[in-house]
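Annotated features in TrEMBL:
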- 6-31: transmembrane segment (TRANSMEM)
- 65-92: coiled coil (COILED)
- 103-122: transmembrane segment (TRANSMEM)
- 128-150: transmembrane segment (TRANSMEM)
- 169-293: domain 'Type II secretion system protein GspF' (DOMAIN)
- 271-292: transmembrane segment (TRANSMEM)
- 312-328: transmembrane segment (TRANSMEM)
Amino acid sequence: MVDAGLMPLMTALLAAIAIAATAYAVMYPLISGDRAKEKRVATVTESHSKKLSSRSAADLAASRKKQITESLKDIENRKKAKERVSLKLRLERAGLEIEPRTYWIASIVSAFVTAFVVRGMVPATMAGITPMVTIAAFFVGGLGLPRFVLSKLTERRQKKFTAELANAIDVIVRGIKSGLPLNDCLGVIARESVEPLAGEFKEVIEQQRLGVPLFEALERMTKRMPVPEVKFLAIVIAIQQQSGGNLAEALANLSGVLRDRFKMAMKVKALAAEAKASAMILAALPPGVMFMVNSASPDYIAPLFETRTGNLFILIGLFWMSCGIFIMRKMINFKF
């Protein structure tokens, strides 16, 4: 029998146990849910942090790669800026076998002829700006026109060279696979290829006969023909001579790359044809309209030629038209 004095104490203890059990039974699902939620949140957070760390590592690698690329481009641009191309080398790149003195004499003659022709074309109504136009024509004819012709000749020669270089590399590949030495393959290209490819490889062979190493002769060719394709060829042959390897396979891969680049250039040219046509039309529209208005109603457009204000507007229009043509040319002149 339980003592009557302990009965209230035991009753209170049992009541406390019952209340605690009831509270635990009610709160357990909530507590367990919170714990599970915390576990899930921790798992998701951990996985998210891992993803972020992997992304940050990938972003860091990409940023490093971008920095390296920008640094290499900066170094190359600085190198190009430091390299001052001589006039003799420019004439060689254009395929002109003349001395720099002959070029300067031709430039002076071009300056006087251009100034004389432009002075004769200026109408009498624009006599006020005739000296200014004549001086401008003199400088354009002496400095601008010869350089423009030289750059066009260089560009045309480089296009001919790159168009035939892939075929020349195929000749080297077939010759090496059939057992011919590399120098004999280069001799075949020098004898049987078209200009300017034959002339450049003849120069390489002549330098080799004088004791110049092949990779150095090819490096000199990159200066005379500064196109990426020639640099690729020089790098491939230089690496093969220093470290060995299958030269035929490397050159075959290079030939495929050059053909793909040529196809891409043709696609870009086709896509840019519309923009070039639009630029030509926009450039020819103001002079054409001026000519038609002058033919239909000379009195209407006469103040543009007879007054100083009109002459000033003509000069301003020519300046802005030149800026527009220059900008459109830069926009459609793709380099890759």
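Any Cβ shown, glycine's included, is placed from N, Cα and C.
At the 8 Å Cβ cutoff, the transmembrane segment (271-292) and the transmembrane segment (312-328) share at least 3 close pairs (sequence separation 6 or more) and count as touching. Packing against the transmembrane segment (128-150) from elsewhere in the chain are residues 90-91, 94, 96, 103, 106-108, 110-115, 117-119, 122, 308, 311, 315: each is 6 or more residues past its ends and has a CB under 8 Å from a CB in it. The DSSP breakdown of the domain 'Type II secretion system protein GspF' (169-293), given as helix, strand and coil counts, is 107 helix, 0 strand, 18 coil.
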